[in-house]
Amino acid sequence: MENFRYFGALWILIMMNTAVLFGRRVYRYLHSFRLISKSICSGRVKNDEFMKESVEKSNFDTYFSWNTNVEEPLSGLSHIGSDNDEKECFSTRRRFFDDARCNAERVIEILRQDGPGFDAKLCLDEMQVRVSNQLVREVLINFLEKLDRTNKTRCAKLGYKFFVWSSCQKNYRHTVNTYHLIMEIFAQAEEFKAMWRLLDEMTENGYFVTARTFNILICTCGEVGLARDLVERFIKSKKFNFRPYKHSFNAILHSLLGLKQYRLIEWVHQKMLLEGYSPDVLTYNILMYTKYRLGNLDQFHKLLDEMCRDGLSPDLHTYNVLLHVLGEGDKPLAALNLMNHMREVGCIPSVLHFTSLIYGLSRAGNLEACKYFFDEMANKGSHPDVVCYTVMITGYVVAGDLEKAHTLFDDMIIKGYLPNVYTYNSMILGLCYARKFEEALSMLKKMESVGCNPNFFVYNTLVRNLCNAGKLAAAHEIIRQMVEKGQYVHLLSRFKRYKRC
Ligand SMILES: *[C@@H]1O[C@H](CO)[C@@H](O)[C@H](O)[C@H]1NC(C)=O
């Protein structure tokens, strides 16, 4: 249960981390899958695409998203902290971390100079530093974070040089985590062959690969064939530590879900059945969500039947998906019945469930039902949160009812909720729809003044709508501000597609 993350902010954080760690490749990857799901959904609700993405990201997908960046606990610290005096222990620890950081800086300085006429390895040897897990992490994380398009190959080369050098040092052994870090560096540098060689090396040296290893690698499998090979390899691997999942299939399915690899999920499911593994509730939840995302509601219902026939009871996540599907199908009465049923079986609907339902209903354009459940939630003693408010506001904006959207926006602030970047984006969009461009621009100023950093969706909403309205000077001013902040410069070309811009 704790693997399922709910809050929008958390999802955004996860997305940001993923983007930082994997760079543009994953972005492209996720984006292409989003396009597939979009083409399936298109024709249903012609929402603004960016807003749709933003709401999906801030809301529904979060229920099934999985923090792919969970690192195993810091290792290599077991030798400290034997002292019972906590203060003493703390300062020892502090000193240890400070030393590692300081040494890491020296190591990086030496590595940078590597080249003809400068033997970095020799220099590192002469430095006589004690190589610890923390030091290796510091150095690799630095390379990973500082790497950019112009020097990615060099970063990978230097990172690997250090990785090999450190593995030869006394009393030091790489951990699964340090392997993951160098793999991520290779992933960013698009050195895929090297990544796969590292996987071989890990297995040969007796390391247990984890769901994280799988995640890093699967992100670089551009072709379906390669992705399937990887899945097979992990299924067969005796060195795959898939805990806390029941079996390797669930670990892989869950990973693929985080990456929205729905076709691959179907394929893995078939394989799982062929090999005689029986699905549990988690498996069913993932599969049902997949069928829903692929627009295959027949199979969605078949799976639900099958699950109940297998004697498995739907859990909170199953109900969550069900409610969303009922919402999108514009079936508020069925949803009401389902919620009553949930209460009878002791699964009390939470804000999460109401939000999923409301989101579905808003996509079906039934704002009246949205409002009913929004109020019903309060009647039942749960209070809407920021995500729920954002979903309602977005629903009103898309339906062209800026006034109601504004009322809710004010309401949430009065109640002490902080609008997030998606709330602001929806409000800005609504103001643009109503051609209140001055207000839209002051909304941008407002969000910045309260410390809510606009993301690319926000800039894009403004630029597109200003361009469409022929307000080129204002659009260019927004672009200038964005560039001045040094953000999203690599996405600048996206603005070119707007007429007159
Ligand atoms: C790569 O480029 C970034 C940004 O330009 C810089 O901060 C980093 O130090 C460079 N890394 C190396 C190893 O040269």
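Placed from the backbone N, Cα and C atoms, the Cβ positions cover glycine too.
Unlike curated records, TrEMBL annotations are generated automatically.
As annotated by TrEMBL, transmembrane segment applies to 6-27.
What TrEMBL records for 175-209 (among others) is repeat 'PPR'.
Residues annotated as repeat 'PPR' in TrEMBL: 280-314 (among others). Taken together, the residues in the repeat 'PPR' (280-314) have a mean pLDDT of 96 on the 0 to 100 scale.
According to TrEMBL, the repeat 'PPR' annotation covers 315-349 (among others). Non-local neighbours of the repeat 'PPR' (315-349) in the same chain are 1, 4, 60, 63-64, 281, 284-285, 288-289, 292, 297, 300, 304, 307, 356-366, 369, 372-373, 380, 382; each lies 6+ residues outside the stretch with a CB under 8 Å from one of its CB atoms.
Per TrEMBL, repeat 'PPR' is recorded for 350-384 (among others).
Note: the repeat 'PPR' (385-419) comprises 26 helix, 0 strand, 9 coil (DSSP; helix = H, G, I, strand = E, B). TrEMBL lists 385-419 (among others) with the feature repeat 'PPR'.
The feature repeat 'PPR' is assigned by TrEMBL to 420-454 (among others).
What TrEMBL records for 455-489 (among others) is repeat 'PPR'.
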